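Data first, discussion second: the structure below is written as structure tokens.
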Amino acid sequence: MNRRFTWFNATSLTLGFVFLYLPILLLVIFSFNESRLVTVWAGFSTKWYVELFQDEAFLDAALVTLRVALLSATIATILGTLAAVVMIRAGRFKGRTLFSGMIYAPLVMPEVITGLSLLLLFVAIGIDRGFWTITIAHITFSMCYAAVVVSSRMVTFDTSLEEAATDLGCTPFQSFIKVTLPIMAPAIISAWLLAFTLSLDDLVIASFTSGPGATTLPMKIYSQVRLGVTPQINALSTILISIVTLGVLTASFLTRRAESKRKADELLAGS
Amino acid sequence: MNISPNKKPSARFAPWDDPAQKPLVRFGNVTKRFGSFTAIDNISLDIYEREFFALLGPSGCGKTTMMRMLAGFEKPSEGTISLGGEDIADIPPYKRPVNMMFQSYALFPHMTVEANIAFGLKQDKWPKQQISERVEEMLSLVQLTKFAKRKPHQLSGGQRQRVALARSLAKKPKLLLLDEPLGALDKKLREKTQFELMDIQEKLGMTFVIVTHDQEEAMTVASRIAVMDDGKLIQVATPEVIYEYPNCRYVADFIGDVNLVEGRISTTAEEMVKLSWAEGQGDIDISYKNGCSAGENACLAIRPEKVHVTREEPQDVDNKIRGVIHDIAYIGNLSTYYVKLGNGQIFRAQESNRRRLANREFTWDDQVWLSWRNTAGVLLQK
């Protein structure tokens with residue numbers, strides 16, 4: 001590999017990062033703007049953050065979003081894990097390809113269509129739209145992602161581990177709990193994190209399936225922006241960005257530590 | 001050679017020859033099908049207590065299926081399998097007094113060596129004190145006491161293999177199953193571990209059933225070997241019998257090297273037959289006790305190491321053939337001579353290299369005589 005520093009490399013690197021991060025950087029800077037005008041700098045202030053935390057509508061939306069995300073991520077992970085177990089373990093049966101295809105299809109389904117079809121369903125069976133319908137909708141689409149993440153790890157899972165547990169006296173259920181789950185835990189946690197993030201991010205499906213009294217944060221931001229961008233929104237977005245960044249950094253730190261520990265262990269085994 | 005008296009058992013261990021002995025494991029007309037594929041075809045087999053029994057065969061011969069049926073992971077489609085006189089067909093694996101050592105070792109990666117060995121004991125709700133004593137005992141048996149707190153990925157291949165063995169022995173199973181237990185080890189370590197396995201089996205007085213495709217491994221460790229092919233048992237006997245008296249071409253060819261000479265029985269005398277095998281060549285004398293009649297097609301199977309190569313025509317031998325050395329395979333301790341006979345057939349003869357290579361007697365294209373006694377080979381009928 002050519003590791004030499006050239007002007008060409010430097011330029012493309014800079015351009016790339018500017019392209020990716022300039023909008024976000026502007027947003028963060030202007031969240032600390034004294035002025036109400038978003039595009040004019042008038043000095044440093046944290047007053048929009050203070051105001052944000054006094055705005056009950058925003059806090060409500062944040063709470064709804066968080067509850068929806070926690071609940072839907074948890075249920076979607078459970079269902080997705082079960083689906084993955086079935087897909088990998090059931091072996092060959094008639095219609096297996098169709099079945100697995102149908103699990104993965106919603107990944108590429110346009111969100112608008114998913115949202116619309118769920119809306120029609122809820123209307124048809126007469127459920128009042130609100131917190132629960134958003135949660136159910138989020139479970140529906142994030143379950144597929146969870147299934148994909150878990151099954152990609154499940155493929156490499158050595159089934160003789162479960163057989164060994166059974167051989168040593170575990171019922172199939174016990175061996176799943178004592179052996180399979182702990183080994184699969186990292187994949188299940190990343191599936192949960194992915195489902196959680198997807199639910200936090202979602203605007204389109206939530207808009208279709210929500211009703212009065214249940215507004216998620218992305219919906220709230222979107223409706224506010226239509227009336228004009230306020231520095232409050234910038235402040236809120238900055239908070240969200242910080243949370244996500246913190247999460248990503250923690251995850252990569254944990255991964256790196258596990259990796260270096262594994263390398264040290266392998267050295268130990270060789271000695 | 002001297003055999004020290006304490007090494008020589010006073011009575012030969014051969015429960016299979018004693019009709020009063022009850023087998024520990026009995027397969028009764030067992031058939032196992034997977035869909036339309038028959039993996040095990042009507043097998044009946046007895047395995048006795050304290051045996052080190054080997055199931056030997058090429059991959060796909062059904063040996064692993066036999067083992068998985070003993071462990072309880074597969075159910076026979078037909079027939080019965082009993083353990084200590086009790087039919088175990090409907091007993092799930094977690095209730096059988098049978099443990100298995102897996103080919104991949106299947107050590108639980110999230111548990112220490114200690115916890116791996118204690119796993120089955122905890123599952124059986126042993127008291128804490130007894131568990132730690134048993135784990136201690138197992139660790140010292142496999143010489144891994146120092147490694148108790150390590151995780152499986154912190155161990156070398158050989159150490160993992162021993163943890164797997166300790167874990168499967170911990171529950172004192174009536175029957176231990178070993179699925180290609182040494183397959184992942186290199187040759188030197190494998191040979192050493194074979195003797196360790198035999199020592200442990202003898203020390204604990206347990207019954208081991210080993211599945212292997214390695215004939216040398218089976219010959220080394222086993223009290224009896226079952227040679228399998230295509231879902232059937234071909235021959236079940238001690239290693240010596242399997243090697244010296246194979247009952248068919250398949251076994252003769254699968255275990256070790258063999259020369260097969262096709263021919264027709266020309267005359268039969270008392271305990272002796274003559275095999276006519278090529279025009280212009282003298283008949284071969286073969287010592288044979290079972291009945292057979294002249295005119296039958298048959299085949300001589302003779303191991304290369306039982307054939308002598310000499311430059312001069314040998315006197316006072318039962319059989320001799322002339323040939324030309326076609327090729328020599330030198331493997332250090334032994335040389336195998338590929339000798340071309342008058343009819344074009346290649347005949348293998350093996351001599352141990354007692355002298356240095358420089359003084360070797362024969363070389364390529366030498367005219368030589370092959371000779372062997374009439375008891376050296378066996379006659380295989382169609």
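In case you wondered, yes, glycine gets a Cβ from its N, Cα and C as well.
TrEMBL annotations:
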type: DOMAIN; residues: A:62-251; note: domain 'ABC transmembrane type-1'
type: TRANSMEM; residues: A:12-32; note: transmembrane segment
type: TRANSMEM; residues: A:68-90; note: transmembrane segment
type: TRANSMEM; residues: A:102-125; note: transmembrane segment
type: TRANSMEM; residues: A:131-150; note: transmembrane segment
type: TRANSMEM; residues: A:181-200; note: transmembrane segment
type: TRANSMEM; residues: A:233-254; note: transmembrane segment
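Ranked by the number of CB pairs under 8 Å to the transmembrane segment (A:68-90), the listed stretches A:12-32, A:131-150, A:181-200, A:233-254 are led by A:131-150. Pairs of Cβ atoms less than 8 Å apart link the transmembrane segment (A:12-32) most often to A:233-254, out of A:131-150, A:181-200, A:233-254. Long-range Cβ contacts of the transmembrane segment (A:233-254) within its own chain (Cβ-Cβ under 8 Å, at least 6 residues beyond either end) map to 24, 27-28, 30-31, 33, 38, 48-49, 51-52, 58, 193, 197, 200, 217, 221, 224-225.
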